[in-house]
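Colleague: Take a look at the following structure, please.
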Amino acid sequence: MTVEAEIFTNASPPYDDPKADIIIRSSENVDFRMYKFLLGLASPFFKEMFEVAQPIAIDVEEQETLTRDGVPIIFLYNDQNRVCGKDVVEFVLSSCLPAGLQSGKPQLPVELVGPVIDVATRYGIDWAAKAVLHDPQLLMANPSLVFAHACHKGWAAEAALAAQGSLRFRIQDFPPEPALKLISGYQYHTLWEFHRRCAREVAVIVRGGKDVAEWIPRKPPISPPSKPHPPPVHITWTLNSGKAHSEHCLPPVHTTGNSNSGKNAFRPQWWLNYMDTTAVELESRPHYSTVSDRVRVDETLTKASSCEVCVQYVGPSMRDLVPLIEKKIEKAICQIVAETTFI
């Protein structure tokens, strides 16, 4: 075994191709074999670098430093001008590979988000850095981290995306995120104001369930019916059923304005309770997913199922109504996003 083989380690596939024409060496002396062509396509920085004549070694020792098996060696440096570690190198290089070779792309740990973004932007691979901030798991788990890096880089679209993701959290429960040191107090204040405005406006949509029937579309009847067809989607049920409602339905709250079921239509108490408790929760977590909270939906289904009348309709109606309310809330939030400047 040669001395070189004892010191330097080859990276795992696909970074071990002996026909590669460039080596990127990490701080742990792990060698990643790549093709200049791929790096040049991914980054104008690399394209320009490879078009410039490379230095020529003047002795054997320098030759061993600059090449391995005759293949040139380069290093990636972070913002502190230190050689990047293998995990950062691997993730950055994986973004430069063809899609067919990215199936084994590792999930980026939270602690590497900042280093990867800094290195990717330093070497002109901004799109790879933005892809990190668009990762659904990261947006769901740590939107404040995404928001901080997006604002720091001046990326308005990614900042807005992170702000929307933050609505899943209660504003007082935002996790302490060191990356927030990268942004100004004004930007953080804007995030808080965005959260509060969304909370105010989306809660109004469902509170009391008063206007919900006005924007829920009616379903046309099936003609000819092949089987008994339930009533159209609505939040009103007729009293003329010949059966008594349970305590979770009464006293009936009569509808006003347009009604799908006529003058005897009413909103069951369990439905109003669901809408009111959802409104309260939206004041803290004004994200559309709050509407479909499993615990609250299950509680509503349980209450309605105790009624001989409502049990026939609660399942199909909730399946249709919840997504409609979510879309209504999402539309309202998108409007607020369009009116908010985060950068």
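Quick reminder: no glycine exception, Cβ is built from N, Cα and C everywhere.
So TrEMBL lists these for the protein:
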DOMAIN    20-51  domain 'BTB'
Colleague: Cβ under 8 Å to the domain 'BTB' (20-51), counting only same-chain residues 6 or more beyond its ends: which ones?
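Modeller: For the domain 'BTB' (20-51), the sequence-distant neighbours (Cβ-Cβ under 8 Å, at least 6 residues beyond its ends) are 7-11, 68, 71-76, 82-86, 88-90, 93, 95-98, 123-125, 128.
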Colleague: Within the domain 'BTB' (20-51), how many residues are helix, strand or coil going by DSSP?
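Modeller: The breakdown for the domain 'BTB' (20-51) reads 15 helix, 9 strand, 8 coil.
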Colleague: In the predicted model, what is the mean pLDDT computed over the domain 'BTB' (20-51)?
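Modeller: That stretch averages a pLDDT of 94.
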